[in-house]
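Taken from Swiss-Prot, the feature active site, proton acceptor covers HIS43, GLU70, and the record attributes it to sequence analysis. Residues annotated as active site, proton donor in Swiss-Prot, with sequence analysis given as evidence: HIS191. Look at Swiss-Prot and you will find ASN7, ARG18, GLY192, GLY213, HIS214 tagged as 3-amino-2-oxopropyl phosphate binding site. The 1-deoxy-D-xylulose 5-phosphate binding site annotation in Swiss-Prot covers ASP9, HIS10, ARG45, HIS50, THR100. What Swiss-Prot records for GLU151 is site 'Transition state stabilizer'.
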Amino acid sequence: MAKLGVNIDHVATIRQARGGVEPDPVAAAALAELAGADGITIHLREDRRHIQDRDLKLLRQTVKTKLNLEMAATAEMVAIALSVKPDMCTLVPEKRQELTTEGGLDVRIAMQGIAEAVERLQNGGIAVSLFVDPDPDQVKASSKVGSDYIEIHTGAFADAKDWKSEQDELERIGNAIKLGAKLGLGINAGHGLNYTNIRKVAALGGIEEYNIGHSIISRAVLVGLDRAVRDMVDLIKYA
């Protein structure tokens with residue numbers, strides 16, 4: 001059965017809006033795990049707009065399932081990861097002005113730098129995933145640089161405006177899953193997935209873990225984090 005990694009970045013976003021200490025992402029992570037999450041995902045951005053270094057260190061000490069650190073492939077972030085030792089690092093592109101990650105890594109353009117980051121992290125005992133668009137060239141490049149996993153960027157599917165566009169994106173995702181598996185890559189997926197569209201992606205099969213944040217935290221505001229996580233776990237489990 002596919003697993004659920006809950007991204008708690010937006011718990012930190014709410015905290016940072018007032019510059020205080022609440023809500024606490026560490027407490028949110030514990031509640032998510034108790035509700036059935038198989039892992040906790042955070043993105044330590046270079047501008048520290050939500051998750052802070054202290055959060056990462058505390059989460060490493062408290063997370064009982066799996067800690068997945070999303071990060072840019074920079075020397076600073078690699079050094080932090082090697083110090084803290086999350087279970088997995090997912091390398092993502094980063095732009096200072098974006099509200100959220102807007103697309104996948106262009107692994108083909110930056111193969112040398114990404115390959116070096118992948119090697120350093122793996123030598124430190126950390127599994128590595130690359131966040132890529134469902135593009136066969138990017139999947140192949142991810143394999144060439146030695147990544148353990150890819151996380152397929154599902155944003156274009158989530159943003160599709162009509163049935164035809166949605167089906168086209170599902171086909172792209174399905175093809176990326178098959179190619180990645182053929183190349184020996186583990187397959188994760190995320191971005192824009194919610195309670196309405198998750199089953200369509202889950203029906204494709206072949207995905208080991210979904211990393212979902214915004215929709216779960218949004219629902220948690222209305223029904224509580226425990227129920228929000230349990231509802232998503234059920235959707236994935238019974239897809």
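Glycine residues also receive a Cβ, built from the backbone N, Cα and C atoms like all the rest.
Projection of Swiss-Prot feature records onto the structure.
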{"residue": "ASN7", "record": "3-amino-2-oxopropyl phosphate binding site", "CB count, 10 Å": "24"}
{"residue": "HIS10", "record": "1-deoxy-D-xylulose 5-phosphate binding site", "CB count, 10 Å": "21"}
{"residue": "ARG18", "record": "3-amino-2-oxopropyl phosphate binding site", "CB count, 10 Å": "8"}
{"residue": "HIS43", "record": "active site, proton acceptor", "CB count, 10 Å": "23"}
{"residue": "ARG45", "record": "1-deoxy-D-xylulose 5-phosphate binding site", "CB count, 10 Å": "19"}
{"residue": "HIS50", "record": "1-deoxy-D-xylulose 5-phosphate binding site", "CB count, 10 Å": "21"}
{"residue": "GLU70", "record": "active site, proton acceptor", "CB count, 10 Å": "27"}
{"residue": "HIS191", "record": "active site, proton donor", "CB count, 10 Å": "26"}
{"residue": "GLY192", "record": "3-amino-2-oxopropyl phosphate binding site", "CB count, 10 Å": "18"}
{"residue": "GLY213", "record": "3-amino-2-oxopropyl phosphate binding site", "CB count, 10 Å": "23"}
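In this structure, ARG45 (1-deoxy-D-xylulose 5-phosphate binding site) belongs to neither helix nor strand by DSSP; it is coil. The sparsest Cβ neighbourhood within 10 Å, among the listed recorded positions (ASP9, GLU151), is found at ASP9.
GLU70 (active site, proton acceptor) sits 10 Å from ASP9 (1-deoxy-D-xylulose 5-phosphate binding site), taking the C-alpha atoms as the reference points. In the three-state DSSP scheme, ARG18 (3-amino-2-oxopropyl phosphate binding site) falls into the helix class. Across the fold, the C-alpha of ARG18 (3-amino-2-oxopropyl phosphate binding site) and the C-alpha of HIS50 (1-deoxy-D-xylulose 5-phosphate binding site) stand 11 Å from each other. Between the CA atoms of HIS10 (1-deoxy-D-xylulose 5-phosphate binding site) and GLY213 (3-amino-2-oxopropyl phosphate binding site) there is a gap of 7 Å.
The full span of the recorded 3-amino-2-oxopropyl phosphate binding residues, ASN7, ARG18, GLY192, GLY213, HIS214, taken as their largest Cα to Cα distance, is 26 Å.
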